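Okay, structure first, notes after.
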Amino acid sequence: MSMMSNIFLKPHIVALALPSKFAFPHTAKPALTTFFVPHFSTAPLSYGPSLHKGNPSQSQSQSQSQNDDVLREEAFTRVFHLAALRVPAAECFALEGRLRGHLLNWPRVRNIARVPGDDVHPDLAPLLPQPIGGADLGEEERRLVALQRRIHGKADGNGDALSPVLYRERLARTFNSRGFVKFRHLAKISRPNRNKKRRKKEEASQGAKRVGENGLSVVEVVEDEDEGGLRNLLGEEFARSKWRGSTRLLLLDERYASRGVEEFPEAIKAVLKEYAENSTTLTLELVRCKLTLFYDYWQMTEVLEALLPEGMIVPSTFETVGHIAHLNLRDEHLPYKRLIAKVVLDKNKPRIQTVVNKIDSIQNEYRTMQLEVLAGNHSLVTTVVENGIRFQVDLATVYWSSRLGTERQRLLSGFTRNDVICDVFSGVGPLAIPAARIVKRVLANDLNPYAVEYLERNSVLNKLERRIKVFNMDGRRFIKAMYASDISRSITQVVMNLPSEAAEFLDAFRGIYKDRPEVGELTFPMIHVYGFSKARDPEFDFHERIRIALLEVAVNVDMRRVRLVAPGKWMLCASFILPKSVAFANTAVDA
């Protein structure tokens, strides 16, 4: 998650201690507890948050068993003890800049933490209107608005509304109908987010421990106030100071967690002394905090490393097809497949809603994958956007590979408006449909009737149905049928993307012009054929297979490696112009 977490603190006030008088009360340094899962016996990391460090929550259940299909999120709760500087909100950002390099600086945790309840000093609390009946989640905010009105000398019903939502509503009313045409989203943003309020109410009713919109972390102040040390450091004036307005906490580097102020770096001491000398309101405290990181905080790879046995490869990548995450788990992962899927789903919501695993290689004639749904909803119908084109796909009945998107874009970049494309194994149209926006005409074919149905649907969805002609037949028969008609004179590019057996279909090009005179306007197309090779020299191996299929030795081929699909197994693309000798070959001699 890239979004920073919102951190809230409980309203306890704890005092600062500086040089010899600024030490924390003598408390035992909390020991680092290792979270016990099969391989958590390594030493804690030197810096930064880690599941290897911190104290497991007291409510944590027993450690995750290896064959348990239920993921216990509470087992990933970690508690870290930190030190923090408590300062007025108005001076917080200036001090943050001065102390940069000495703050916590952990990913997804803000260095500045807000303390709800400290916006108002207890002495001022009686001045606020008390809630009538049960207070909802917005009651505290309304009480603060009332206090601000009193501070600025306004009654509760006077003056401009301080609430941003009410302000936007008033702004929206100043626009007439023409104004809304110009600012289309103004009416929408002027309304409060009711779903957000409802979600907060539900969390509160369930007694959710995770305070903050992201549910990543919580900070609590755990030490009591010690006014003596603070008075000796900052002088007698400090005893008369009162908290006025809101405060913030600057979370200090974890290395300072158990240190007194006399052990802090000189840079921090200098900043604190300068602040004490220049501040007119001496409001500064050093407090000890408890930072709790929940399951939602940890990244997918961190959780998987904790769940899987030591030495096992962590499945950190997967193919995304719309809302579906497609895993290719190894045999060693299968006992933990549902745990892995649950983590993948949790850490990639809402983009991912379904997690599947391929349980068998593609062996059927329609090239459909045998998939097992491991987590999320069971819908395998999704929408994919690639190269600006929307495709509807049903992974249960058709084939799709998002990993070939770059290769498809490479082919598209070589097409021109004068081309006529013949896509022999088109599938649902990942190449045929975007090509229709570029070229003069596309002839798309697939043997799978479900793929043809989605091809037609996607053509209409993208408003390109007039530039694509769809066929449903065997690839060899399709090639012969196209070159037996007059349309063969215009075909300039032929794409054969069926890597497992496309080269075997090249024999269909032998003799396609044998019954036509060799003089005249005949087009010899550029053929792009894909294939797999496990040979030591994959280019030479695939070239030989092309020569054998065409029964022609002199074939000039432009060969390139597309991607490594498995250890030692390459997917290749061979591009060549159909030799004249092949097009006019006498197939009767072949027989």
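Using the three backbone atoms N, Cα and C, a Cβ is placed for every residue, glycine included.
Here is what TrEMBL says about this protein:
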BINDING   R408, D446, L447, D474, G475, N497  S-adenosyl-L-methionine binding site
COMPBIAS  57-66  compositional bias 'Low complexity'
COMPBIAS  191-200  compositional bias 'Basic residues'
DOMAIN    318-580  domain 'SAM-dependent methyltransferase TRM5/TYW2-type'
REGION    47-68  region 'Disordered'
REGION    191-210  region 'Disordered'
(message) Averaging the per-residue pLDDT over the domain 'SAM-dependent methyltransferase TRM5/TYW2-type' (318-580), what integer do you get?
(response) 92
(message) Looking only at R408, D446, L447, D474, G475, N497, which the record lists for S-adenosyl-L-methionine, tell me the maximum pairwise CA distance in angstrom.
(response) 22
(request) Look at each of the binding-site residues, R408, D446, L447, D474, G475, and point out the one with the fewest other Cβ atoms around it within 10 Å. (result) D474
(request) Mind giving me a neighbour count for N497 (S-adenosyl-L-methionine binding site)? Other Cβ atoms within 10 Å of its Cβ, every protein chain shown. (result) 24
